[in-house]
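Trainee: Below, the features straight out of TrEMBL:
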type	residues	note
REGION	1-25	region 'Disordered'
REGION	41-67	region 'Disordered'
COMPBIAS	41-53	compositional bias 'Basic and acidic residues'
COMPBIAS	54-67	compositional bias 'Basic residues'
DOMAIN	63-115	domain 'BHLH'
Amino acid sequence: PTPSGSESVFSDCGGSRAGSTEDAGGVGLCAQSRITEPGEAVKKDLQHLSREERRRRRRATAKYRTAHATRERIRVEAFNMAFAELRKLLPTLPPDKKLSKIEILRLAICYISYLNHVLDV
């Protein structure tokens, strides 16, 4: 036995009590108004945001920042290893002299020019 006014509470469910959980012993919530997945509320909240705002929010998460930092660390290590390999190929005195990245690039340009000149002669 339910109060006669309860049907107006479920009017958004088609005006019928057949769609309510009250018939199945529930608390009287409409099946359509229940959220079935935990992330569904977040998805509905983000739908009204622009693509750029959604991207900003995604990038603000700790998981995203950690993954980005890991990718950046791998990229920088690969970059530094490539410079170290190039450095090994360049003749300098003394051979173990520490060079900056720009010095390595400038020396490589000069060395390539020198090798081209040697091949042309």
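Using the three backbone atoms N, Cα and C, a Cβ is placed for every residue, glycine included.
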Trainee: Would you report the average pLDDT that the model assigns to the domain 'BHLH' (63-115)?
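Mentor: That region's mean pLDDT is 95.
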Trainee: Would you list the DSSP helix, strand and coil counts for the residues of the domain 'BHLH' (63-115)?
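Mentor: Taking each residue of the domain 'BHLH' (63-115) in turn, the totals are 42 helix, 0 strand, 11 coil.
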